[in-house]
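These features come from TrEMBL:
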DOMAIN    37-104  domain 'Amino acid permease N-terminal'
DOMAIN    130-635  domain 'Amino acid permease/ SLC12A'
DOMAIN    644-1042  domain 'SLC12A transporter C-terminal'
REGION    1-33  region 'Disordered'
TRANSMEM  131-152  transmembrane segment
TRANSMEM  158-187  transmembrane segment
TRANSMEM  208-229  transmembrane segment
TRANSMEM  249-269  transmembrane segment
TRANSMEM  276-297  transmembrane segment
TRANSMEM  328-350  transmembrane segment
TRANSMEM  362-386  transmembrane segment
TRANSMEM  442-465  transmembrane segment
TRANSMEM  495-514  transmembrane segment
TRANSMEM  520-541  transmembrane segment
TRANSMEM  553-577  transmembrane segment
Amino acid sequence: MERFKSNGGEHVNSAYDSTLDEPPIYETTFSNGEHRTVRPSVVSAFGHDTLDRVPNIDFYRNAGSVSGHRAVRPSLQELHDVFQKNGAISVPDTVEDDVEGSDGTPSDDLESAVPIDSKKGAVKFGWIRGVLVRCMLNIWGVMLFIRLSWVFGQAGWGLGIVVIALSCVVTTITGLSMSAICTNGVVRGGGAYYLISRSLGPEFGGSIGLIFAFANAVAVAMYVVGFAETVVELLKDHSALMVDEINDIRIIGCITVVLLLGISVAGMEWEAKAQIVLLIILLVAIVNVFVGTFIPATEDKKSKGFFNYNSKIFLENFMPDFREKETFFSVFAIFFPAATGILAGANISGDLRDPQAAIPKGTLLAIVITGITYLAVALCVSATVVRDATGNITNAIVPGGFCNGSTAVACELGYDFSSCEVEKCKFGLMNNFQVMTMVSGFGPLIIAGTFSATLSSALASLVSAPKVFQALCKDNIYKALYFFAKGHGKNNEPIRGYILTFIISVAFILIGNLNTIAPIISNFFLASYALINFSCFHASYAKSPGWRPAYKYYNMWLSLVGAVLCCAVMFVINWWAALLTYGIEILLYIYVTVKKPDVNWGSSTQAVTFVSAVSNALSLSGVDDHVKNFRPQILALTGSARTRPALLDLAHSFSKNYGLCLTCEVFVGPRSEALQEMNAGMEKNQQWLRKTKRKAFYAAVACDSFREGTESLLQASGLGRMRPNTLMMGFKRNWRTAGTESVQNYVGILHDAFDFEYGTVILRMNQGLDVSHIVEAEEEMLKAAKEQQALEKEMMPNGGKSRGLFRKSRKSSQQVLTTRVSVCGPPPPQVAKMNERLLEASSQFKKKQPKGTIDVWWLFDDGGLTLLLPYILTTRKKWKDSNLRIFIAGQPERSELDKQEMKSLLQKFRINCTDITVIDDIHLRPSSDSLRNLEDMIEPFRLHEGSKDTAQAEAMQKEQPWKITDKELSEFEEKTNLQLRLNEVLQQNSKSANLIIVSMPIARKESISDFLYMAWLDVLTKDLPPTLLIRGNHKSVLTFYS
């Protein structure tokens, strides 16, 4: 397989076929125009040909990548298995994946993205246009021009700085957490939803994604209404109202949304250009404010409270002056929504050229720039404008007179505003929302800035809502919403999402009470921030090796503080809106949890669950077992999980959700074949258990013999205190025809279980337990049907995706049809009837049990397991109509006393039963028919050495040591007769029971032959309803002490 070179010459492996061992070829041009460069050959890298491959990104791609191909490295078996001379080991270079995402479509393979020619491919943005500009426009809202002066008038610039700083702290911590999450792997479209869902799982992501998309849709209406109100104010000033104020707002609002929708639908490039124009207008308006503070104040401006920079004004405005029942928290609640908008860049993560680099850089820089801007504008205004002013020029006085009260500074500057202490004035920081217009160098620019702020925020929300919603729908968490997953055009634009957002926006513009809606929307955004912070904390706390963010400037405890701060701010803004947000999120979380979407994103929730499980298992190891906490931990030898459903269902009834249940399989045969079969079935069996809601684990081993495999399972299964303590297996019905080795293995397993101090349970059903032949037939039929379907699709002109699947199993049409005929052909009537009865019996314990009894024949004290297991059954819903009946062995002269003693014991154990029966005739000899049946049963396995001389008998025994000797039969005659007699008594008393439980007889090692012991078990349970033979490990599992 390998070729070696040296200075002295070259040795070539004659079986080596170079055409089968080439490195994967990646250089190809795909349908989307992408051209991928080939990597260097393995031969040139190492100097010799080898199946091994050098590390390459194509080996790590997800299934269903954009290119449709991912490279396949050789499997460990292909490198490790014995080399077959002239044997061809075919390692495909690439595989055409048929694995689909949860949305039914191939997931975007952004990790392989290469720079795309803007003329041909989709439009992708850098960190400035894609993140920085959007975030700044969203954070710079109308608050900057309309309410910022009022906030600093109420709180003073001392507490005003605290308001801005606290807001920036919350957004900065969130930005740091988001940066860490963004740089921990490839970021795709979906923004906040994508980050949260991939970190915390679909339950959190699905719930927050829906309300976040809805919040953005309603935010469009809020921003548009803010714009419309400003326009209507201008119309009112010029007496140009169309209808009335309310209807004019609706008309202008609807027209604006239509125009914004047109820009959005036209494509991201147009939307980005519009954002740049709006940013320029906004920057000019902000500069206009700073310029205006240096222009000497006119008399009109002075009468309205503006006096240019003055230290006395600045000092007067330092202290807070809360009025009209306002507090620090109420003022903070009004300002904080202005600081939101940091997710504007992340929300279009699918349209960024390099989201991992762009989102952290752009978002954090936007927070710094906007925070400084808010602070600078507010301080400039606080240093130039007094809190109260009349706006009346006639209030001018001669500076330097006696001044007192809250308007003392204005008095010193030549204006008497003392009337404002008596009645409310219209101007000043506290009263006039148009302070910025007054302060600025050119007033109309502030109006333009207000328009720009509202329209840019509306446009950003109009783009964000459909993008987030599309990502949510693609993941198919809410199946009813999958309609909105479809994208259009080169940028995969969510046109359907745009239309839905448009309808929601128009609806709220026309009928919504936005004053009520506003705090809910703010809380929706804050809930997203809280979960982003918690995601970062959770992923760090889990210490998962997969948590390796490239961005290192974060701290898990800081993220937790950020999450708590966000939750606190939610209640500060509006307590009932916070409660409503939590309520909606919890309901959506429960819905997604119940629906269990078929996705696996490697969330930190899984990692923490694992860490908790390990921690709890270790804690449990330090605690000694106590009889009160005993619960059966079942190791069930079911074979494949589907092979013995009755055994699995009964084992599951014992353990349910409260104990350990292992369904185990032993693969016997050549190691290579057994391992291959075992590895192929591991995930398949565990998935079947999960799908059928059996709370059990599948375990398998490969060994040379069944007994060796079971011995390995008995010794090594479990973890710490979470180890099985009860072996459960089916009765070997074919023991008379199975062969000596098979019987010896079976009985040997029982001996091993007793040696390892396991409780042992054997289930016998007349129809049998094994349905493997039926399961195999079903699987063959399904496989044949799939192959036929694949064949039909390949024959179609557009074979489509199915071609890739079909290439994996190339069978001719004739072979497929032959397989189908052989599998689907009806079995003989007798076999069909037997299979029908077997299937019916196999599903017996899956259904609710009819009204009846569970008969417990507690003949030997084994520690109480024989009594505990049936009691556990009666606590299960399926068995609640089955009552316990207890049967014990007793002597004729003291039957009543034995019954009272057992009744007293059961009362102390707090176990209820409907009847206690003392069987006082077990010691009687069994009937002649029973004896004759036993003789017929064991005849083929008897040695009959009694009629031979000693030497001959010893020779026979040495030659066939497994056979039943006459001496053994004679020695254990009483015990043998006991099993026969017990069966007769069972037939008389328990023939109509739903389930019979009997104490299992024990065979002493090297005293009782395997075939005699099997005969005991057979005659004991013959022709009875489903019967469990139980033997505990003779350690107490019941106690009457508290």
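Glycine residues also receive a Cβ, built from the backbone N, Cα and C atoms like all the rest.
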Mean per-residue pLDDT computed across the domain 'Amino acid permease/ SLC12A' (130-635): 84
Stretch in 131-152, 158-187, 249-269, 442-465, 520-541 most in contact with the transmembrane segment (362-386), if contact is a CB pair under 8 A: 131-152
When counting Cβ pairs under 8 Å to the transmembrane segment (520-541), the leader among 131-152, 442-465, 495-514, 553-577: 553-577
Maximum Cβ pairs under 8 Å to the transmembrane segment (249-269) - stretch from the list 158-187, 208-229, 328-350, 553-577: 208-229
Cβ contacts under 8 Å made by the transmembrane segment (495-514) with residues that lie 6+ beyond its boundaries: 214, 216-218, 220-222, 224-225, 228, 249-250, 253-254, 257-258, 261, 264-265, 462, 465-467, 469-470, 473, 483-484, 486-488
Folded-back contacts onto the transmembrane segment (208-229), same chain, C-beta under 8 angstroms, at least six residues removed: 141-142, 190, 192-193, 196-197, 248-250, 252-253, 256-257, 260, 347, 450-451, 454-455, 457-458, 461-462, 464-466, 468-469, 471-472, 477-478, 500-501, 504-509, 512, 514, 517-518, 520-521, 524-525, 527-528, 531, 581, 584-585, 588
Close approaches to the transmembrane segment (442-465) from elsewhere in its chain (Cβ under 8 angstroms; 6 or more beyond its ends): 134, 137-138, 140-142, 144-146, 191, 213-214, 216-217, 219-220, 223-224, 226-227, 230-231, 234, 256-257, 260-261, 263-264, 268, 271, 274-275, 278-279, 281-282, 284-286, 288-289, 292, 341, 343-344, 347-348, 436, 497-498, 501-502, 505
Ranked first among 276-297, 328-350, 553-577 for CB pairs under 8 angstroms with the transmembrane segment (131-152): 328-350
Tertiary contacts of the transmembrane segment (328-350) (same chain, 6+ residues out, Cβ under 8 Å): 108, 125, 130-132, 134-135, 137-139, 141, 143-144, 147-148, 151, 154-155, 159, 162-164, 166-168, 170-171, 174-175, 178, 182, 187-192, 194-195, 216, 268, 320, 322, 358-359, 362-363, 366-367, 370-371, 374, 457, 460, 463-464, 467-468, 471, 492, 518-519, 522, 525-526, 528-529, 569, 572-574
Cβ-Cβ under 8 Å with the transmembrane segment (276-297): same-chain residues at least 6 beyond its ends: 129, 133, 136-137, 140, 144-145, 306-309, 373, 376-377, 380-381, 383-384, 436, 439-442, 445-446, 448-453, 455-456, 459
